[in-house]
Amino acid sequence: MQSLLLILEIGIAVVISSLLSPYIPRVSMPLVQILLGVIWFFVPGLPVINIDSELFLLLFIAPLLYREAVQTSRSSLRNNLGVSLSLAVGLVLLSVLISGYTLQLFLAVIPLAAGFALGAALGPTDAVAVAQLGSEAQLTPRQHAVLSTESLFNDAASIVSFQFAIAALLTGQFSPVAFTGNVIYSFLGGALLGTIFGVLFNRLIFWMRRVRLETTTNRILIELMIPFFVYWVGEEIHVSGVIAVVVAGLIAAYHRVGVGEDLAEINRVSSAVWEVFTFVLNGSVFVLLGIELPLAMRQTLLSERINTWALVVTAIILCIVLLALRFIWIAAMLRLTKSQDSGKRRKMTKERWHSAAVMTFGGAKGTISLILAFSLPSQLDTMTGFPVRTASLFIAALYIIISLLLANIVVPILAPPEEDEDGHKFALANLEMLNRTLMAISRMHKANPEQHVAIEAVMRSYYSRIARQRGTVMTKDELNHLHAARMEMRQWQSLWLENYAKNHPEYRDVCERLLAPIEFALSYEGSGWKQRIHTRAYFLRLKLVGWLRSARATVRFTWKRTLSVTTRSENMEYRRSLITRIQLQMFQDAIHHEFTLINYDQVSPIVGSTLVSELRSLIQSLQTPSIANPNMPNPDAMLHEFNSVLSQAYAIELETIRTMLDNQEITRDQARSMRHNVFIMQSDSGL
């Protein structure tokens with residue numbers, strides 16, 4: 001039960017970090033998870049953590065490396081193979097040596113082999129941290145490709161170096177000749193094993209696909225099993241399980257071969273499962289670090305043989321030394337690497353020195369480094385008579401935190417995101433989002449053939465939005481003006497509905513129903529966590545008010561039903577037609593209002609014409625259902641069906657925006673603008 005309690009507490013912390021991330025977008029997720037782990041340490045009843053180093057490597061490293069290898073771009077890998085291998089192998093091995101001797105110089109009580117092991121643990125760069133940099137800094141495609149492919153290869157090189165350093169430390173024997181032979185055998189044997197298993201698993205899944213045995217469940221279960229099985233077999237035959245897992249992931253091609261909606265759906269579900277799985281693994285490691293960090297600090301403070309400040313100074317010095325080494329290595333690599341166009345070496349210009357600095361600070365440490373630090377065997381303390389594991393874990397934790405802070409602070413300063421002054425990037429991103437949403441809506445057509453008329457009408461509205469977006473690319477200032485004009489239009493509509501309710505008190509309930517989404521769209525205006533909290537609280541209040549109004553309407557309807565022979569369906573149809581009639585009148589008056597603003601130069605022609613086009617599109621969408629099927633005996637029911645499909649389409653659009661933001665395909669500002677547009681359209685539609 002103690003282990004179950006620990007798993008639950010770690011899982012809760014990971015969930016909390018995921019919920020907090022939208023409110024603190026500029027703070028790295030690992031830092032949030034470390035802080036939550038520190039808080040968790042002080043919760044009463046926290047069970048004692050006993051980590052099996054070998055099991056830790058299997059459970060965490062195998063699936064993370066496999067997924068990283070599967071997602072690696074083959075073309076990027078080929079183009080940057082030399083540079084990435086230089087960083088992953090040459091720089092890692094040199095860093096291991098430098099780290100070991102630096103630790104010996106400042107902390108002589110730590111054995112040299114333990115210093116080498118710690119240096120190997122600090123070698124891997126974190127793929128998640130590199131991906132996050134893409135949204136906060138303007139990395140060139142080559143910089144991003146080099147950092148991404150480097151994170152794959154140096155994971156393997158660091159882990160193999162770590163394993164050999166630990167073996168030398170525990171046995172007390174080290175032979176350069178034997179070490180070289182073992183490394184070659186381990187690398188080549190692991191690569192061969194990974195190749196064999198990669199080909200076998202490809203053929204297995206292709207065979208299952210041919211005989212129609214490939215289901216979502218079978219495919220995902222096999223995928224999840226592959227890294228654990230390959231790693232275990234590699235370790236059993238004494239070759240590198242890490243190399244085997246990486247090579248098997250690189251060879252995996254079952255997800256890229258084949259066409260069809262069923263296969264696309266399996267790939268989509270598989271990606272979603274892996275996304276959750278890897279997020280939980282990454283988050284769990286950093287929460288564990290947060291839990292272990294106060295424990296390590298307490299042990300260092302209570303131990304008479306450890307000087308806490310000496311460990312802090314050592315971690316800072318080690319960080320400076322390894323950053324300087326990385327900068328020198330990258331600069332030398334850039335100087336010696338020949339141009340792909342001319343075949344000649346290029347001189348170090350200001351831009352190339354700048355690129356070296358960006359890639360130096362962009363190599364943040366993360367999950368793999370932490371897993372290796374946790375994997376230091378506890379018997380080191382008894383062998384040396386000194387808490388080597390505690391001191392090493394403390395140094396590694398400080399180093400990782402420093403590297404994450406530098407990557408989150410320094411890299412955006414060195415390579416700030418480009419301003420989208422002409423609005424071109426937003427237009428392209430919005431087009432991509434609309435196209436993906438349209439594809440998802442088209443899949444609804446197949447799943448719900450009975451709603452084909454409503455779905456086709458909604459699809460036509462999205463075709464119109466795509467056409468308008470392609471025809472109009474606004475500058476940043478014009479986009480800001482359009483945003484302000486939309487907000488002014490929402491305020492005008494709010495006043496229009498209030499006046500309409502005063503002049504037609506019998507329609508007050510309908511006007512309040514139309515006012516609710518407009519007020520929500522207005523409440524979303526603003527920025528910052530306070531505004532977001534206010535928005536969500538306001539939305540909750542609107543729901544509560546809506547439930548109360550619904551209950552009141554039900555009571556009123558029941559009472560009227562006792563006095564009238566009007567059926568419920570007739571009542572609902574009348575209410576829907578009334579909402580549509582009021583919306584049509586409001587949108588037509590809004591068009592006249594917008595033309596007045598254009599004539600008096602209060603709105604620029606391009607902004608005003610865009611709003612008028614949007615309003616006309618809304619009018620057309622309200623009239624489309626009956627036009628699409630004029631012989632339909634119940635056009636009000638068709639309108640209700642259209643609104644139902646449109647509501648689903650907006651939900652799909654919001655989910656598409658979230659997915660693109662999670663995949664770093666759009667910036668947070670772009671996502672915010674897109675979401676705001678959806679909220680405005682929901683308010684216009686009365687949804």
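For all residues, glycine too, the Cβ spot is worked out from N, Cα and C.
Bear in mind that the values here come from a model prediction, so they are computed numbers and not experimental data.
Taken from TrEMBL as is:
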type	residues	note
DOMAIN	17-414	domain 'Cation/H+ exchanger transmembrane'
TRANSMEM	6-24	transmembrane segment
TRANSMEM	82-103	transmembrane segment
TRANSMEM	109-131	transmembrane segment
TRANSMEM	152-171	transmembrane segment
TRANSMEM	183-205	transmembrane segment
TRANSMEM	217-233	transmembrane segment
TRANSMEM	239-257	transmembrane segment
TRANSMEM	269-289	transmembrane segment
TRANSMEM	309-332	transmembrane segment
TRANSMEM	353-374	transmembrane segment
TRANSMEM	394-415	transmembrane segment
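The transmembrane segment (152-171) shares the most Cβ pairs under 8 Å with 82-103, out of the stretches 82-103, 183-205, 217-233, 309-332, 394-415.
Spatially, the transmembrane segment (269-289) is not adjacent to the transmembrane segment (309-332); fewer than three Cβ-Cβ distances between them are under 8 Å for residues at least 6 apart in sequence.
Long-range Cβ contacts of the transmembrane segment (309-332) within its own chain (Cβ-Cβ under 8 Å, at least 6 residues beyond either end) map to 86-87, 90-91, 94-95, 98-99, 102-103, 106-107, 122, 300, 348, 352-353, 356-357, 359-361, 363, 391, 394-395, 398-399, 402-403, 406.
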